[in-house]
Amino acid sequence: MDNSSICNPNATICEGDSCIAPESNFNAILSVVMSTVLTILLALVMFSMGCNVELHKFLGHLRRPWGIVVGFLCQFGIMPLTGFVLSVAFGILPVQAVVVLIQGCCPGGTASNILAYWVDGDMDLSVSMTTCSTLLALGMMPLCLFIYTKMWVDSGTIVIPYDSIGTSLVALVIPVSIGMYVNHKWPQKAKIILKIGSIAGAILIVLIAVVGGILYQSAWTIEPKLWIIGTIYPIAGYGLGFFLARIAGQPWYRCRTVALETGLQNTQLCSTIVQLSFSPEDLNLVFTFPLIYSIFQIAFAAILLGAYVAYKKCHGKNNTELQEKTDNEMEPRSSFQETNKGFQPDEK
């Protein structure tokens, strides 16, 4: 018998004689170390983002949750429906369609909070949307998957990792709450922390993508259709989220916030669900899709950020946004404008 055709017993994903992700000791150690480091860094970044959240505004979004409702409709209405349409349109395999839908049903990721800061978004709305979408995902993910996946698979076979969702919620709420307290007690120190954290957050987003590429570099053999869907999906999320928020009468800075919350998904949660729910043979077909989505959602978010910065430099202050903020918000200057001296309310 030809031993070369035997799958490596240490492989993590195998199909017959195909081993697409043999796990070396280096990969195993790197995975544990980087997961630990990234988790700690993410908690610190979310703490710094909390330093830009004001309690009375955060509670105001919960009492008058129009922005949160729009975000909810985008997160658990637009994204699953878009995933379903793309899956049918491209005629992908049932197991691949299910993974696309799992990605679309995931709540927003913490990267959206970091990007919302950089595009002068509503940080209070961003954090409240991420918190609410993660909490609501406990019920909405099973419901959306039941509705959209039953033409391909029994939704009961999909394992929802409620412990991971709970961990994500705790990892978001606790650091942000501490940051809010620091902002309340020591606003000057909070400004410094926010500046450092916003830069660290931008670096962290890139670092997560690079680490993912290193850890799963041998799993990049995947059907071209999934590459195309992974490219279109985040663009659709950003565009449709922005459009729906604008149709709902939200001001421009909140439209940017909702767009980011819609397009930037929790890809780590999707990867966890995929690994818990599928056999090694099926994983061979879909394992890399969450990472593909993650790369393109970050890439397009960076493009949008660059376009926004260029627009600000070319056009200066936006009088339309100033009028909208005066008419619709009637809120005092937030800590974001105070922190970034040159930014005025009309730019938010």
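The backbone N, Cα and C atoms fix where each Cβ goes, glycine too.
Copied over from Swiss-Prot, here are the features:
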type	residues	note
TOPO_DOM	1-28	topological domain 'Extracellular'
CARBOHYD	N3	N-linked glycosylation site
CARBOHYD	N10	N-linked glycosylation site
TRANSMEM	29-49	transmembrane segment
TOPO_DOM	50-81	topological domain 'Cytoplasmic'
TRANSMEM	82-102	transmembrane segment
TOPO_DOM	103-126	topological domain 'Extracellular'
TRANSMEM	127-147	transmembrane segment
TOPO_DOM	148-157	topological domain 'Cytoplasmic'
TRANSMEM	158-178	transmembrane segment
TOPO_DOM	179-195	topological domain 'Extracellular'
TRANSMEM	196-216	transmembrane segment
TOPO_DOM	217-224	topological domain 'Cytoplasmic'
TRANSMEM	225-245	transmembrane segment
TOPO_DOM	246-284	topological domain 'Extracellular'
TRANSMEM	285-305	transmembrane segment
TOPO_DOM	306-348	topological domain 'Cytoplasmic'
COMPBIAS	322-332	compositional bias 'Basic and acidic residues'
REGION	322-348	region 'Disordered'
MOD_RES	S335	phosphoserine
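For the topological domain 'Cytoplasmic' (50-81), the residues of the chain that approach it from at least six positions outside its boundaries are 101, 104-105, 107-108, 117, 122-125, 127-129, 132-133, 136, 140, 144, 147-148, 175-180, 182-184, 190-191, 193-194, 197, 237, 240-241, 244-245, 248, 250, 254, 257-258, 261-262, 265, 331, 334-336, 339, judged by C-beta separation under 8 angstroms.
Shown for the topological domain 'Cytoplasmic' (50-81): DSSP residue counts in helix, strand and coil, namely 26 helix, 0 strand, 6 coil. Note on the transmembrane segment (225-245): residues 67, 70-71, 73-74, 78-79, 82-83, 86-87, 90-92, 96, 100, 103-104, 254-265, 286, 288-289, 292-293, 295-297, 300-301, 304 of its chain, located 6 or more positions outside it, place their CB under 8 angstroms from a CB of the stretch.
Counting residues of the topological domain 'Extracellular' (103-126) by DSSP class, helix then strand then coil, yields 15 helix, 1 strand, 8 coil. Break the topological domain 'Extracellular' (246-284) down by DSSP state and the numbers are 30 helix, 1 strand, 8 coil.
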